[in-house]
2 protein chains.
Amino acid sequence: MSDIPKSHPRYKSLMTRQRLAEHAVTGVVSMEGLTSHGRGEAFDYLIGEKTPAVALEAEKLAARVLLAARHPVLSINGNTAALAAPQIAELQQASGAEVEVNLFHRTEERITLVTNVLRDAGVVVSEGPVERCVPLPHDRGLCRPEGIGNADVVLVPLEDGDRCEALVGMGKIVITVDLNPLDRTSKMATIPIIDEVTRALPNIAAECRRLRAAGDTLVMPESFDGKYFLAGAIDAIAETLHHALD
Amino acid sequence: MSDIPKSHPRYKSLMTRQRLAEHAVTGVVSMEGLTSHGRGEAFDYLIGEKTPAVALEAEKLAARVLLAARHPVLSINGNTAALAAPQIAELQQASGAEVEVNLFHRTEERITLVTNVLRDAGVVVSEGPVERCVPLPHDRGLCRPEGIGNADVVLVPLEDGDRCEALVGMGKIVITVDLNPLDRTSKMATIPIIDEVTRALPNIAAECRRLRAAGDTLVMPESFDGKYFLAGAIDAIAETLHHALD
(Lines of atoms letter the chains of each structure in order from A and count residues from 1; the text may use other names and numbers.)
(Lines give C-alpha, C1' and ligand atoms only; values in the text may rest on other atoms or scores of the structure.)
Protein backbone atom coordinates (compact mmCIF):
# COMPACT_ATOMS: atom_id res chain seq x y z
CA MET A 1 0.00 0.00 0.00
CA SER A 2 3.05 2.33 0.22
CA ASP A 3 2.94 3.13 -3.50
CA ILE A 4 1.72 6.70 -3.22
CA PRO A 5 3.99 8.76 -5.49
CA LYS A 6 5.75 11.70 -3.79
CA SER A 7 4.58 13.80 -6.70
CA HIS A 8 0.97 13.50 -5.53
CA PRO A 9 -0.28 16.96 -4.44
CA ARG A 10 -1.86 15.50 -1.28
CA TYR A 11 1.17 13.33 -0.40
CA LYS A 12 1.38 14.35 3.30
CA SER A 13 -2.33 13.87 3.88
CA LEU A 14 -2.28 10.50 2.08
CA MET A 15 0.73 9.34 4.13
CA THR A 16 -1.00 10.22 7.44
CA ARG A 17 -4.06 8.35 6.20
CA GLN A 18 -1.86 5.37 5.37
CA ARG A 19 -0.27 5.44 8.84
CA LEU A 20 -3.74 5.40 10.40
CA ALA A 21 -4.71 2.57 8.06
CA GLU A 22 -1.73 0.57 9.32
CA HIS A 23 -2.84 1.25 12.91
CA ALA A 24 -6.31 0.04 11.87
CA VAL A 25 -4.84 -3.28 10.76
CA THR A 26 -3.32 -3.82 14.22
CA GLY A 27 -6.51 -2.61 15.96
CA VAL A 28 -5.19 0.57 17.61
CA VAL A 29 -7.53 2.56 15.36
CA SER A 30 -11.05 1.30 14.73
CA MET A 31 -12.36 1.15 11.17
CA GLU A 32 -14.86 3.84 12.10
CA GLY A 33 -11.93 5.85 13.43
CA LEU A 34 -10.52 6.05 9.91
CA THR A 35 -13.73 7.65 8.73
CA SER A 36 -13.74 10.08 11.64
CA HIS A 37 -10.21 11.06 10.65
CA GLY A 38 -11.48 11.85 7.17
CA ARG A 39 -14.09 14.21 8.61
CA GLY A 40 -11.28 15.95 10.44
CA GLU A 41 -9.18 16.20 7.28
CA ALA A 42 -12.01 17.97 5.52
CA PHE A 43 -12.42 20.57 8.26
CA ASP A 44 -8.65 21.03 8.58
CA TYR A 45 -8.58 21.85 4.89
CA LEU A 46 -11.36 24.37 5.48
CA ILE A 47 -9.62 26.15 8.37
CA GLY A 48 -6.50 26.40 6.20
CA GLU A 49 -4.43 23.52 7.71
CA LYS A 50 -2.96 25.85 10.35
CA THR A 51 -3.94 26.95 13.88
CA PRO A 52 -6.41 29.87 13.64
CA ALA A 53 -5.69 32.74 16.06
CA VAL A 54 -8.88 31.95 17.97
CA ALA A 55 -7.81 28.31 18.43
CA LEU A 56 -4.52 29.46 19.93
CA GLU A 57 -6.55 31.53 22.42
CA ALA A 58 -8.51 28.39 23.34
CA GLU A 59 -5.30 26.39 23.70
CA LYS A 60 -3.82 28.99 26.06
CA LEU A 61 -7.00 28.97 28.13
CA ALA A 62 -6.92 25.15 28.20
CA ALA A 63 -3.37 25.26 29.59
CA ARG A 64 -4.43 27.64 32.36
CA VAL A 65 -7.41 25.44 33.25
CA LEU A 66 -5.35 22.22 33.27
CA LEU A 67 -2.83 23.81 35.65
CA ALA A 68 -5.54 25.29 37.92
CA ALA A 69 -7.40 21.96 38.13
CA ARG A 70 -7.64 19.81 41.26
CA HIS A 71 -7.44 16.60 39.19
CA PRO A 72 -6.93 17.01 35.41
CA VAL A 73 -7.16 13.94 33.18
CA LEU A 74 -6.29 13.49 29.49
CA SER A 75 -8.77 10.97 28.05
CA ILE A 76 -7.09 9.28 25.06
CA ASN A 77 -8.66 7.16 22.32
CA GLY A 78 -7.22 5.13 19.44
CA ASN A 79 -7.08 7.90 16.86
CA THR A 80 -5.44 10.36 19.26
CA ALA A 81 -2.83 7.77 20.30
CA ALA A 82 -2.11 6.84 16.66
CA LEU A 83 -1.79 10.45 15.57
CA ALA A 84 -0.18 12.12 18.56
CA ALA A 85 1.43 9.79 21.15
CA PRO A 86 4.63 11.91 21.46
CA GLN A 87 2.58 15.10 21.82
CA ILE A 88 0.50 13.47 24.59
CA ALA A 89 3.72 12.58 26.44
CA GLU A 90 4.89 16.19 26.09
CA LEU A 91 1.58 17.59 27.36
CA GLN A 92 1.47 15.16 30.28
CA GLN A 93 4.95 16.28 31.32
CA ALA A 94 4.10 19.98 30.96
CA SER A 95 0.71 19.82 32.69
CA GLY A 96 1.13 17.03 35.24
CA ALA A 97 -2.21 15.57 34.12
CA GLU A 98 -3.15 11.91 34.47
CA VAL A 99 -3.62 9.94 31.23
CA GLU A 100 -6.45 7.39 30.90
CA VAL A 101 -7.32 5.36 27.81
CA ASN A 102 -10.98 5.61 26.86
CA LEU A 103 -12.36 4.02 23.69
CA PHE A 104 -15.64 4.48 21.83
CA HIS A 105 -15.30 0.96 20.36
CA ARG A 106 -14.03 -0.53 23.62
CA THR A 107 -12.49 -3.99 23.96
CA GLU A 108 -9.86 -5.12 26.45
CA GLU A 109 -7.57 -5.97 23.54
CA ARG A 110 -7.78 -2.48 22.06
CA ILE A 111 -7.23 -0.89 25.50
CA THR A 112 -3.95 -2.84 25.74
CA LEU A 113 -2.92 -1.94 22.19
CA VAL A 114 -3.55 1.78 22.68
CA THR A 115 -1.85 1.72 26.11
CA ASN A 116 1.25 0.18 24.51
CA VAL A 117 1.39 2.80 21.74
CA LEU A 118 1.27 5.51 24.42
CA ARG A 119 3.87 3.87 26.69
CA ASP A 120 6.24 3.42 23.73
CA ALA A 121 6.11 7.21 23.35
CA GLY A 122 6.85 7.81 27.04
CA VAL A 123 3.32 8.41 28.34
CA VAL A 124 2.51 7.29 31.92
CA VAL A 125 -0.87 5.57 31.54
CA SER A 126 -3.14 5.04 34.56
CA GLU A 127 -4.85 1.68 34.66
CA GLY A 128 -7.25 -0.08 36.97
CA PRO A 129 -10.82 -1.37 37.27
CA VAL A 130 -13.50 0.59 35.42
CA GLU A 131 -17.11 1.26 36.37
CA ARG A 132 -20.02 2.92 34.58
CA CYS A 133 -19.26 6.36 36.03
CA VAL A 134 -20.59 8.25 32.98
CA PRO A 135 -24.38 7.96 32.45
CA LEU A 136 -24.34 6.40 28.97
CA PRO A 137 -25.59 3.08 27.54
CA HIS A 138 -23.18 0.27 26.69
CA ASP A 139 -19.47 0.40 27.41
CA ARG A 140 -19.42 4.10 26.53
CA GLY A 141 -19.96 4.96 30.18
CA LEU A 142 -17.00 3.00 31.54
CA CYS A 143 -14.05 4.78 33.14
CA ARG A 144 -11.84 4.60 36.22
CA PRO A 145 -13.73 6.01 39.25
CA GLU A 146 -10.53 7.54 40.63
CA GLY A 147 -9.48 8.73 37.13
CA ILE A 148 -11.95 10.39 34.75
CA GLY A 149 -14.69 9.65 37.30
CA ASN A 150 -13.01 11.89 39.87
CA ALA A 151 -11.60 14.52 37.48
CA ASP A 152 -12.70 18.15 37.61
CA VAL A 153 -11.09 18.90 34.22
CA VAL A 154 -11.01 16.43 31.31
CA LEU A 155 -9.24 16.96 28.00
CA VAL A 156 -10.94 14.70 25.43
CA PRO A 157 -9.41 15.00 21.94
CA LEU A 158 -11.49 13.63 19.02
CA GLU A 159 -14.34 12.66 21.35
CA ASP A 160 -17.89 11.55 20.58
CA GLY A 161 -20.62 14.15 21.14
CA ASP A 162 -22.64 11.92 23.46
CA ARG A 163 -19.75 11.35 25.81
CA CYS A 164 -18.73 14.98 25.74
CA GLU A 165 -22.27 15.99 26.70
CA ALA A 166 -22.42 13.38 29.48
CA LEU A 167 -19.12 14.56 30.96
CA VAL A 168 -20.33 18.18 30.93
CA GLY A 169 -23.57 16.99 32.54
CA MET A 170 -21.51 15.54 35.40
CA GLY A 171 -20.25 19.06 36.16
CA LYS A 172 -16.77 18.60 34.69
CA ILE A 173 -14.90 21.22 32.71
CA VAL A 174 -14.50 19.52 29.33
CA ILE A 175 -11.80 20.62 26.88
CA THR A 176 -12.19 19.14 23.39
CA VAL A 177 -9.89 19.09 20.37
CA ASP A 178 -11.94 18.60 17.22
CA LEU A 179 -11.67 20.16 13.79
CA ASN A 180 -15.42 20.42 13.26
CA PRO A 181 -16.90 23.51 14.94
CA LEU A 182 -20.43 22.32 14.07
CA ASP A 183 -20.04 18.92 15.73
CA ARG A 184 -21.98 18.26 18.92
CA THR A 185 -18.64 17.59 20.60
CA SER A 186 -17.50 21.14 19.92
CA LYS A 187 -20.89 22.65 20.71
CA MET A 188 -21.15 20.82 24.04
CA ALA A 189 -17.59 21.45 25.22
CA THR A 190 -16.70 23.94 27.93
CA ILE A 191 -13.60 24.89 25.91
CA PRO A 192 -13.81 23.70 22.28
CA ILE A 193 -10.40 23.79 20.57
CA ILE A 194 -10.97 23.76 16.79
CA ASP A 195 -7.55 22.63 15.65
CA GLU A 196 -5.64 19.57 14.49
CA VAL A 197 -4.52 17.44 17.44
CA THR A 198 -0.75 17.36 16.68
CA ARG A 199 -0.78 21.16 16.47
CA ALA A 200 -3.09 21.72 19.47
CA LEU A 201 -1.40 19.57 22.11
CA PRO A 202 2.11 21.11 21.71
CA ASN A 203 0.56 24.60 21.84
CA ILE A 204 -1.15 23.72 25.15
CA ALA A 205 2.06 22.18 26.47
CA ALA A 206 4.10 25.27 25.54
CA GLU A 207 1.65 27.53 27.38
CA CYS A 208 1.74 25.20 30.43
CA ARG A 209 5.53 25.55 30.52
CA ARG A 210 5.32 29.33 30.11
CA LEU A 211 2.75 29.69 32.90
CA ARG A 212 4.74 27.46 35.24
CA ALA A 213 7.94 29.40 34.56
CA ALA A 214 6.10 32.67 35.27
CA GLY A 215 5.11 31.22 38.65
CA ASP A 216 1.77 33.09 38.97
CA THR A 217 -1.02 31.60 41.10
CA LEU A 218 -3.59 30.24 38.64
CA VAL A 219 -7.25 30.66 39.51
CA MET A 220 -9.94 28.65 37.74
CA PRO A 221 -12.21 30.98 35.69
CA GLU A 222 -15.82 31.03 36.92
CA SER A 223 -17.39 30.83 33.47
CA PHE A 224 -16.44 30.07 29.89
CA ASP A 225 -17.68 31.28 26.49
CA GLY A 226 -17.36 28.24 24.24
CA LYS A 227 -19.43 29.86 21.50
CA TYR A 228 -16.73 32.51 21.04
CA PHE A 229 -14.28 29.83 19.91
CA LEU A 230 -16.85 28.21 17.60
CA ALA A 231 -17.71 31.53 15.96
CA GLY A 232 -14.01 32.22 15.37
CA ALA A 233 -13.52 28.84 13.69
CA ILE A 234 -16.57 29.36 11.50
CA ASP A 235 -15.14 32.73 10.45
CA ALA A 236 -11.89 30.99 9.47
CA ILE A 237 -13.83 28.51 7.30
CA ALA A 238 -15.89 31.27 5.70
CA GLU A 239 -12.61 33.04 4.82
CA THR A 240 -11.29 29.89 3.08
CA LEU A 241 -14.54 29.48 1.16
CA HIS A 242 -14.49 33.14 0.14
CA HIS A 243 -11.17 32.62 -1.66
CA ALA A 244 -11.85 29.05 -2.84
CA LEU A 245 -12.42 29.89 -6.49
CA ASP A 246 -9.87 32.73 -6.83
CA MET B 1 -19.06 -3.73 16.18
CA SER B 2 -22.84 -3.52 15.74
CA ASP B 3 -23.38 -2.07 19.21
CA ILE B 4 -24.25 1.47 18.15
CA PRO B 5 -27.39 2.44 20.09
CA LYS B 6 -30.32 3.58 17.92
CA SER B 7 -30.62 6.52 20.29
CA HIS B 8 -27.34 7.94 19.00
CA PRO B 9 -28.04 11.23 17.17
CA ARG B 10 -25.74 10.25 14.28
CA TYR B 11 -27.10 6.67 14.03
CA LYS B 12 -27.62 6.65 10.23
CA SER B 13 -24.19 8.12 9.54
CA LEU B 14 -22.54 5.67 11.97
CA MET B 15 -24.35 2.71 10.38
CA THR B 16 -23.17 3.68 6.87
CA ARG B 17 -19.66 4.04 8.27
CA GLN B 18 -19.98 0.57 9.79
CA ARG B 19 -21.16 -0.90 6.49
CA LEU B 20 -18.12 0.58 4.76
CA ALA B 21 -15.92 -0.76 7.58
CA GLU B 22 -17.32 -4.24 6.91
CA HIS B 23 -16.53 -3.81 3.20
CA ALA B 24 -13.00 -2.75 4.25
CA VAL B 25 -12.56 -6.05 6.09
CA THR B 26 -13.36 -7.99 2.91
CA GLY B 27 -11.22 -5.66 0.79
CA VAL B 28 -13.90 -4.06 -1.40
CA VAL B 29 -13.13 -0.73 0.27
CA SER B 30 -9.50 0.23 0.93
CA MET B 31 -8.52 1.52 4.36
CA GLU B 32 -7.78 4.87 2.78
CA GLY B 33 -11.25 4.71 1.23
CA LEU B 34 -12.76 4.82 4.72
CA THR B 35 -10.96 8.08 5.36
CA SER B 36 -12.07 9.49 2.03
CA HIS B 37 -15.63 8.66 3.02
CA GLY B 38 -15.17 10.67 6.18
CA ARG B 39 -14.15 13.70 4.15
CA GLY B 40 -17.33 13.26 2.17
CA GLU B 41 -19.43 12.99 5.34
CA ALA B 42 -18.08 16.33 6.53
CA PHE B 43 -18.96 18.11 3.30
CA ASP B 44 -22.36 16.42 3.12
CA TYR B 45 -23.09 17.80 6.56
CA LEU B 46 -22.04 21.24 5.32
CA ILE B 47 -24.30 21.20 2.24
CA GLY B 48 -27.18 20.17 4.50
CA GLU B 49 -27.32 16.41 3.71
CA LYS B 50 -29.63 17.04 0.76
CA THR B 51 -29.19 17.76 -2.97
CA PRO B 52 -28.65 21.51 -3.47
CA ALA B 53 -30.65 23.00 -6.38
CA VAL B 54 -27.43 23.67 -8.28
CA ALA B 55 -26.38 20.01 -7.93
CA LEU B 56 -29.68 18.91 -9.44
CA GLU B 57 -28.91 21.18 -12.40
CA ALA B 58 -25.53 19.47 -12.78
CA GLU B 59 -27.17 16.04 -12.54
CA LYS B 60 -29.67 16.92 -15.30
CA LEU B 61 -26.84 18.18 -17.50
CA ALA B 62 -24.88 14.99 -16.81
CA ALA B 63 -27.86 12.90 -17.98
CA ARG B 64 -28.08 14.87 -21.23
CA VAL B 65 -24.33 14.46 -21.82
CA LEU B 66 -24.36 10.72 -21.09
CA LEU B 67 -27.18 10.20 -23.59
CA ALA B 68 -25.54 12.41 -26.24
CA ALA B 69 -22.20 10.62 -25.88
CA ARG B 70 -20.68 8.35 -28.53
CA HIS B 71 -19.28 6.01 -25.85
CA PRO B 72 -20.14 6.83 -22.22
CA VAL B 73 -18.44 4.88 -19.42
CA LEU B 74 -19.16 4.78 -15.69
CA SER B 75 -15.80 4.31 -13.91
CA ILE B 76 -16.49 2.63 -10.56
CA ASN B 77 -14.17 2.26 -7.54
CA GLY B 78 -14.52 0.39 -4.24
CA ASN B 79 -16.24 3.14 -2.25
CA THR B 80 -18.78 3.80 -4.99
CA ALA B 81 -19.57 0.08 -5.33
CA ALA B 82 -19.90 -0.35 -1.56
CA LEU B 83 -22.15 2.68 -1.19
CA ALA B 84 -24.22 2.60 -4.36
CA ALA B 85 -24.19 -0.69 -6.32
CA PRO B 86 -28.00 -0.72 -6.89
CA GLN B 87 -27.94 2.93 -7.99
CA ILE B 88 -25.16 2.13 -10.50
CA ALA B 89 -27.30 -0.66 -11.94
CA GLU B 90 -30.22 1.76 -12.24
CA LEU B 91 -28.09 4.41 -13.97
CA GLN B 92 -26.56 1.87 -16.35
CA GLN B 93 -30.02 0.75 -17.38
CA ALA B 94 -31.28 4.30 -17.81
CA SER B 95 -28.25 5.64 -19.68
CA GLY B 96 -26.97 2.61 -21.58
CA ALA B 97 -23.43 3.39 -20.40
CA GLU B 98 -20.68 0.80 -20.05
CA VAL B 99 -19.41 0.09 -16.51
CA GLU B 100 -15.69 -0.44 -15.84
CA VAL B 101 -14.06 -1.03 -12.45
CA ASN B 102 -11.16 1.30 -11.79
CA LEU B 103 -9.34 1.36 -8.45
CA PHE B 104 -6.91 3.86 -6.91
CA HIS B 105 -5.43 1.07 -4.75
CA ARG B 106 -5.51 -1.47 -7.57
CA THR B 107 -4.95 -5.21 -7.11
CA GLU B 108 -6.43 -8.03 -9.18
CA GLU B 109 -8.08 -9.37 -6.03
CA ARG B 110 -9.85 -6.09 -5.29
CA ILE B 111 -10.94 -5.75 -8.95
CA THR B 112 -12.66 -9.15 -8.62
CA LEU B 113 -14.23 -8.26 -5.25
CA VAL B 114 -15.65 -4.96 -6.51
CA THR B 115 -16.84 -6.58 -9.75
CA ASN B 116 -18.73 -9.19 -7.70
CA VAL B 117 -20.42 -6.55 -5.52
CA LEU B 118 -21.60 -4.79 -8.69
CA ARG B 119 -22.78 -7.98 -10.42
CA ASP B 120 -24.72 -9.01 -7.31
CA ALA B 121 -26.65 -5.76 -7.70
CA GLY B 122 -27.38 -6.38 -11.38
CA VAL B 123 -24.64 -4.27 -12.99
CA VAL B 124 -23.16 -5.49 -16.29
CA VAL B 125 -19.41 -5.04 -15.77
CA SER B 126 -17.04 -4.89 -18.76
CA GLU B 127 -13.80 -6.78 -18.28
CA GLY B 128 -10.67 -7.39 -20.33
CA PRO B 129 -6.97 -6.60 -20.57
CA VAL B 130 -5.85 -3.21 -19.30
CA GLU B 131 -3.10 -0.92 -20.55
CA ARG B 132 -1.64 2.34 -19.31
CA CYS B 133 -4.01 4.48 -21.37
CA VAL B 134 -4.06 7.34 -18.86
CA PRO B 135 -0.73 9.23 -18.50
CA LEU B 136 -0.16 8.63 -14.76
CA PRO B 137 2.58 6.85 -12.78
CA HIS B 138 1.97 3.42 -11.25
CA ASP B 139 -1.20 1.42 -11.78
CA ARG B 140 -3.25 4.61 -11.64
CA GLY B 141 -3.02 4.86 -15.42
CA LEU B 142 -4.41 1.41 -16.21
CA CYS B 143 -7.75 1.00 -17.95
CA ARG B 144 -9.33 -0.94 -20.80
CA PRO B 145 -8.31 0.60 -24.15
CA GLU B 146 -11.75 -0.11 -25.63
CA GLY B 147 -13.47 1.04 -22.38
CA ILE B 148 -12.40 4.18 -20.52
CA GLY B 149 -9.54 4.50 -23.03
CA ASN B 150 -12.00 4.95 -25.89
CA ALA B 151 -14.74 6.83 -24.02
CA ASP B 152 -15.72 10.39 -24.93
CA VAL B 153 -17.69 10.84 -21.67
CA VAL B 154 -16.62 9.34 -18.34
CA LEU B 155 -18.58 9.50 -15.08
CA VAL B 156 -16.09 9.05 -12.21
CA PRO B 157 -17.76 9.19 -8.79
CA LEU B 158 -15.44 9.74 -5.78
CA GLU B 159 -12.38 10.01 -8.03
CA ASP B 160 -8.83 11.12 -7.24
CA GLY B 161 -7.86 14.61 -8.47
CA ASP B 162 -4.83 13.38 -10.42
CA ARG B 163 -6.85 10.90 -12.43
CA CYS B 164 -9.64 13.38 -13.04
CA GLU B 165 -7.12 15.89 -14.38
CA ALA B 166 -5.45 13.25 -16.58
CA LEU B 167 -8.78 12.18 -18.08
CA VAL B 168 -9.68 15.81 -18.84
CA GLY B 169 -6.21 16.22 -20.36
CA MET B 170 -7.02 13.36 -22.74
CA GLY B 171 -9.90 15.44 -24.11
CA LYS B 172 -12.68 13.50 -22.43
CA ILE B 173 -15.79 15.06 -20.89
CA VAL B 174 -15.41 14.14 -17.21
CA ILE B 175 -18.43 14.10 -14.89
CA THR B 176 -17.50 13.79 -11.19
CA VAL B 177 -19.61 13.13 -8.10
CA ASP B 178 -17.79 14.44 -5.04
CA LEU B 179 -19.06 16.29 -1.97
CA ASN B 180 -16.04 18.59 -1.74
CA PRO B 181 -16.34 21.58 -4.09
CA LEU B 182 -12.79 22.65 -3.20
CA ASP B 183 -11.22 19.32 -4.11
CA ARG B 184 -9.02 19.15 -7.23
CA THR B 185 -11.40 16.48 -8.53
CA SER B 186 -14.29 18.95 -8.51
CA LYS B 187 -12.18 21.84 -9.79
CA MET B 188 -10.78 19.79 -12.70
CA ALA B 189 -14.06 18.18 -13.77
CA THR B 190 -15.98 19.21 -16.86
CA ILE B 191 -19.24 18.75 -14.90
CA PRO B 192 -18.64 18.61 -11.12
CA ILE B 193 -21.66 17.23 -9.27
CA ILE B 194 -21.38 18.27 -5.61
CA ASP B 195 -23.75 15.75 -4.07
CA GLU B 196 -23.80 12.44 -2.19
CA VAL B 197 -23.44 9.51 -4.59
CA THR B 198 -26.62 7.60 -3.61
CA ARG B 199 -28.63 10.79 -4.17
CA ALA B 200 -26.79 11.88 -7.34
CA LEU B 201 -26.94 8.66 -9.40
CA PRO B 202 -30.74 8.15 -9.12
CA ASN B 203 -31.27 11.82 -10.03
CA ILE B 204 -29.17 11.35 -13.19
CA ALA B 205 -30.99 8.11 -13.98
CA ALA B 206 -34.40 9.75 -13.56
CA GLU B 207 -33.44 12.55 -15.97
CA CYS B 208 -32.11 9.97 -18.48
CA ARG B 209 -35.49 8.22 -18.40
CA ARG B 210 -37.33 11.53 -18.78
CA LEU B 211 -35.19 12.63 -21.74
CA ARG B 212 -35.56 9.27 -23.46
CA ALA B 213 -39.32 9.29 -22.98
CA ALA B 214 -39.47 12.82 -24.45
CA GLY B 215 -37.66 11.47 -27.52
CA ASP B 216 -35.81 14.72 -28.40
CA THR B 217 -32.54 14.55 -30.33
CA LEU B 218 -29.79 15.29 -27.83
CA VAL B 219 -26.88 17.41 -28.99
CA MET B 220 -23.63 17.55 -27.00
CA PRO B 221 -23.08 21.09 -25.61
CA GLU B 222 -19.99 22.78 -27.04
CA SER B 223 -18.73 24.14 -23.71
CA PHE B 224 -19.33 23.75 -19.99
CA ASP B 225 -19.12 26.07 -16.98
CA GLY B 226 -17.93 23.84 -14.15
CA LYS B 227 -17.19 26.83 -11.93
CA TYR B 228 -20.90 27.67 -11.84
CA PHE B 229 -21.62 24.38 -10.06
CA LEU B 230 -18.72 24.88 -7.62
CA ALA B 231 -19.85 28.39 -6.75
CA GLY B 232 -23.38 27.13 -6.08
CA ALA B 233 -22.10 24.42 -3.74
CA ILE B 234 -19.92 26.92 -1.86
CA ASP B 235 -22.99 29.14 -1.44
CA ALA B 236 -24.87 26.17 0.07
CA ILE B 237 -22.03 25.59 2.57
CA ALA B 238 -21.86 29.29 3.46
CA GLU B 239 -25.61 29.18 4.16
CA THR B 240 -25.17 26.22 6.56
CA LEU B 241 -22.31 28.00 8.35
CA HIS B 242 -24.35 31.20 8.60
CA HIS B 243 -26.98 29.37 10.67
CA ALA B 244 -24.59 27.03 12.50
CA LEU B 245 -24.76 28.77 15.86
CA ASP B 246 -28.44 29.82 15.78
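We count from 1, first residue shown onward.
Positions of Cβ are set from backbone N, Cα and C atoms, glycine also.
TrEMBL: automatically predicted annotations, no manual curation.
If you look up TrEMBL, you'll see A:Arg17, A:Arg39, A:Asp178, A:Leu179, A:Asn180, A:Arg184, A:Thr185 marked as ATP binding site. The Cβ of A:Thr185 (ATP binding site) has 24 other Cβ atoms within 10 Å, all protein chains considered.
With a threshold of 8 Å between Cβ atoms, the binding-site residues A:Arg17, A:Asp178, A:Asn180, A:Arg184, A:Thr185 that neighbour chain B are A:Arg17, A:Asn180, A:Arg184. For the binding-site residues A:Arg17, A:Arg184, the greatest number of Cβ atoms within 10 Å around a candidate Cβ is found at A:Arg17.
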